[in-house]
Structure formats: C-alpha cells, structure tokens
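Here is what TrEMBL says about this protein:
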SIGNAL    1-26  signal peptide
BINDING   R107, T411, I412, N413, D433, S457, S458, G480  L-glutamate binding site
ACT_SITE  T393  active site, nucleophile
Amino acid sequence: MSLAPVSKRWLVLAAALLLPACTTTGTPPGAAVARSPQAGEGIVSAADPRAAAAGVEILRKGGSATDAAIATMLVLNVVEPQNSGIGGGLFFVRTDRSGALTTVDGRETAPAAATPEWFLAPDGKPLPSRELQTGARSAGVPGALAAMASAHKRFGKLPWADLFAPAIRLANDGFTVSARMHNGLKLYGRHVTGWARQTYFPDGAQPVATGSTIRVPLFAQTLQRIAREGAAPFYRGGSAARIAGALSGAEQRPSPMTAQDIGSYRARDRQPICATYRVYRICGMGPPSSGGITVLMILKQLERFDMAGLGRNSPVAWHLLAESERLAYADRDMYLGDPDFVQVPVPGLLDPAYLASRSALIGEGQSLASIEPGKPKGAPERKRVAFKDDPGTTHLSAADAAGEVVTVTTTINGYFGSGIAVDGYMLNNELPDFDATPAKDGYLVANRVEGGKRPRSSMAPTIVYGPDGKVRLAIGAAGGSTIICQIAKALIGVLDWNMSAQDAIAMGLVFAPGSKGGVIEEGTELVAMLPQLQALGETLKVAPLGLKANAIEYVDGRWVGAADPRSEGVAMDTGGHVTVIKRRVNELNGAHE
Ligand code: GLU
C-alpha cells in the first residue's frame, strides 16, 4: 500500500522558496546586539525577526512566555501572512517550573455539513489537488484565536489588549515585505482573492516587491476590535457572518460552513503525549496531531541502536532513521485521526512491547522490502465498506524568567491558505489534511472527512526535559508531513549526537514517509552518503525540501536560541542578544553569533 507520498508540489515549492543567500538574517529594528544572555532571562525564537522582537518586547514588560507567544503569533499574522494567522489553527504546548504540562488544541474543524465525500468528484475519485487545496471548501472553522484566548486566560500575565500592540503597530505603520513573502506570492499567490489580492498585488498582476513597505489597515482594525472585545466576538455576530458569507458566496465550490459552525468552535485541552528516550522525557501534542506520537515512535524504535556511537556521519545511522520513519508513518497513516471521532490507540502505539516488535523489523544491513502498519493493542476494528501535505505554517518557542516555556506551531496550511480573505486575514485551507478518499483497500480510513471533525496534523511542538527534570529543549517546525522527521532528526542530533539545537536543525534531512523510497535533502552533507545508503538498499532521491524549524535550548544555565538557516528565522533574548544565523545548511562547523 502506498503511504503518505511525497507531494511533488511540496518539493517544487520548497526549491523555489529557498532564499538565495539561504542563511543570513538581519538584526531586527531596535534590537541591540549587546551581550550574551544571562541566566534566567527570557527568549523567543520565531520565523521572522519582527515577530521575535514583539515577543521580547512583551517579556520585557513583564509578560509570561504565553503572552510573548501570543504577541509573536499576531505579528507573524501581519508580516508572514502566507503561513499562519487568526484564520487558521494551532497547537500550544506549555510547561512551567514544576514540570506541569498543558497542551491546547486549536485545530480547525470541518463544517457540520461535511461528509466523507467532501473532496470527491461526482465520479467518486478525489478532486485534482489544485481544486482540493484552494477555495472555500478547503477552509475549516479557524481555531487559533480560541486557543490563544484559552491559554491567555490561564497563563497570561499582561492584559489581552497589550499583546496586540506590536501587531497593530506594524499593520498600521507598515512593514517590509520579506523575500519569502514575495516569492510565495509570485509562485503560489495566484489563488488569493478580494482584499488580499488588492493588498498583495496592488497593480493587479505583480506581487508587492521584496523590501517594499506595505500597510494593512483593514487587518489593524480587526486586531483593534479583538484586542478591545476579546476573542469571543470573532466567533459570532458580524465576524462569523462575514466568514460564512465569504465561504458560501465563493464562486467555485462554495462551502456550506455556517455562522453556527463558527459559533460552536471550542479550543480543547488534550492529554499531552510523553515518553522517555534514553535519559530524556519528551512531550508533545496528542491527536488530532499525529506529530507528537509519530516523533516518539520513530525515536523509541531507534532506542536499541547505538545512535551516539554511530554518529551523524554514519550512513547506517541515517538508514536506521529512514526505516524507523517508514514504520512509524505506516501506523500514523492507519490509526491517527481526531480522537473525538475515531478510536486512536495511543497507549498501544507507545507500548514498549509493541515498539520493540516494530523495531525488530529494522535491520542495520538492509532496507525492508515493504512496510505495513502494525497491530497495536486497542487498534480499532476496521470498518469494511462497500465501496496525502503542503507548505505553510510557522513555529515559535518562548521562555520567561519565571521558568514558563511555551512552544507553538500555527498554520493556515498552504501558502495563503484557501486564498479567501476576510477582515484583512486569510482563511486557512486545512481541510485537505483529511484523507480525500474515505476508504482504502475496502476499509474506512481514520482520517476521513466528517462534520465537526479536526483533520489529522503533522505539527509537533515538542518539549524535552533533561534528567534533572528541567526543560532542556523546546522545538517545532513547519513543512507539512516533513515536520515529524525534522523533529526526530533534530532530537537525535541534540540528544544522541551532542549537537547544538542550531546545528541539529541546520543538518540535512532524510524524509522517508512511504513504504519505500524517500528524499535526501539537496544541498546538504547527506547527499555524499547516497552511494553507501544505496548499498543498504535505500532508494532515496535527492531533492530540495522546504524546511523551517525553531528551537530554544537550555545550556550551561542559560537559554540559547536556534532558528532554521533555511528561513528568515531568528532568536532573541531579553538581554538584547540576537542569534544571527549565517551558515548555509551544509556548513555545520561555522560559528553563529
Ligand atoms: N497543515 C499541516 C499540518 O497540520 C501543516 C502544513 C505545513 O506545515 O506546511 O500538518
């Protein structure tokens, strides 16, 4: 059976969006590169320097890591509108000094009227990817704001309105268009409509230029309203009517989403998913994300191998990682979905005996001919019946001086989401994260579309505790189904290969989600290993991957930030220290400032 094929569109987009210089970020306006961070200071790592600066501004005002994360997300909505925003969803993972963990699910939901045939053409076949990925029927009910409000209510220190100030300022005064935003518009912005088209394509044809300044006053007004009135009115009255109206009034394939669908949205606290890997406790997001559980399965299946002894230059180590990825993705594709709708056998999938049996399939000397899902305890009875990821997304991590650590992955899914703009923000296109085909091999699939259900995600905001019980690392990534492999690879880099989070993120990736094959990231040190990997039976091809991870790690009594050199990301701390990433992905030995 074919499992999670690598989307061609994803690979092409990845290539196009790699920044020319690839790795240089500037110093954010107003940020002094002054001195090394001091112990106990706060830090924010985000995909855009202006967003990280907003988070630090909030920390300096006495805000918590939760406050900083919310302010950072709101600024990302302004300056990186292609990737995330209040029209989308998020997963929020938070811990404090006591080690208590909270995970909030702000994933989008399908409208109540959605059925398993949502993405099928009249002939019963899935719609072409382009149609499926854009337009009104790709949008789910947005969950990001509800999740932010739920987190703020419990963990915020500053007033809600204060968190909006940096984003409102940028939206009103204007911000500089990044190369990534310009390229995204040029290559993948054709589907944006209405307000977004007028704003991002002012002459109707050419996208706003890199380095030009644009203002988004309509979005500033929306932010001002939410700052003043809270998140609740977003989900009712005029705001909900405008979302439903934009979707039901769309020219092609209008959506039956109603104001009631929007009004009944609730962010949900979920049970965190944790396991011990060697001496570390690793925790992340549970279903409907497949991220946390699949990362842990990959690691646990590798635990019996001497990954540290093999080291990062060993083709055998990368082969083992690829095999473990394939096995874990087979189970992910079979069993993971919204736990409110399908029975997800979480304890069975993480059961040590089950993982040992899966791990026993991995051989050091030869790639498995084919991979099938396993049968963990609690696997639901499969229902016999008669009758795939896109780029976008952004990740951020923040820590405050009181020991609170927050790590959030937030998304509108594809670039500029559904392309439909309401009140100055983009509505997501998250629903194609459901399986378009409701049945496979004659059985219903767990991740089929259903009314009110949340599509399975790969997003994997993760917190790692050291043997002393203190947070060692908070990490996450964007990049569709590559997210899981990015996190597993970075964790092996830090925990087994003793790398800094920065080097582990920068290191190349082997992405092997299917039963065979996979991708070695082009332009990285791993490409030189291809002949040895082929000798181990690996049929990997070399291709670009559009990856984007961020992390913060606690080393020698201080926070150190890490941002992906493939992106414009940056980490800043409250002492004014900025991590400026200067290396290319395959230059792992150079220093960063
Ligand atoms: N929608 C994807 C997910 O939730 C993330 C999209 C991306 O990172 O590109 O898994």
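Note: Cβ is positioned from N, Cα and C throughout, glycine not excepted.
Feature annotations (TrEMBL) mapped to structure.
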| residue | record | CB count, 10 Å |
| --- | --- | --- |
| R107 | L-glutamate binding site | 32 |
| T393 | active site, nucleophile | 30 |
| T411 | L-glutamate binding site | 32 |
| I412 | L-glutamate binding site | 31 |
| N413 | L-glutamate binding site | 30 |
| D433 | L-glutamate binding site | 28 |
| S457 | L-glutamate binding site | 30 |
| S458 | L-glutamate binding site | 30 |
| G480 | L-glutamate binding site | 29 |
Cβ under 6 Å from an atom of ligand 1: which of these binding-site residues qualify? The list is R107, T411, I412.
T411
Can you give me the Cα-Cα distance between R107 (L-glutamate binding site) and the residue listed as 'active site, nucleophile' in Å, rounded to a whole number?
13
Among R107, T411, I412, N413, D433, S457, S458, G480, which the record lists as binding L-glutamate, how far apart in Å are the two most distant Cα atoms?
14
Between the C-alpha atoms of T411 (L-glutamate binding site) and T393 (active site, nucleophile), the distance in angstrom, to the nearest integer, is 4
Simplified to three states, DSSP reports S458 (L-glutamate binding site) as coil
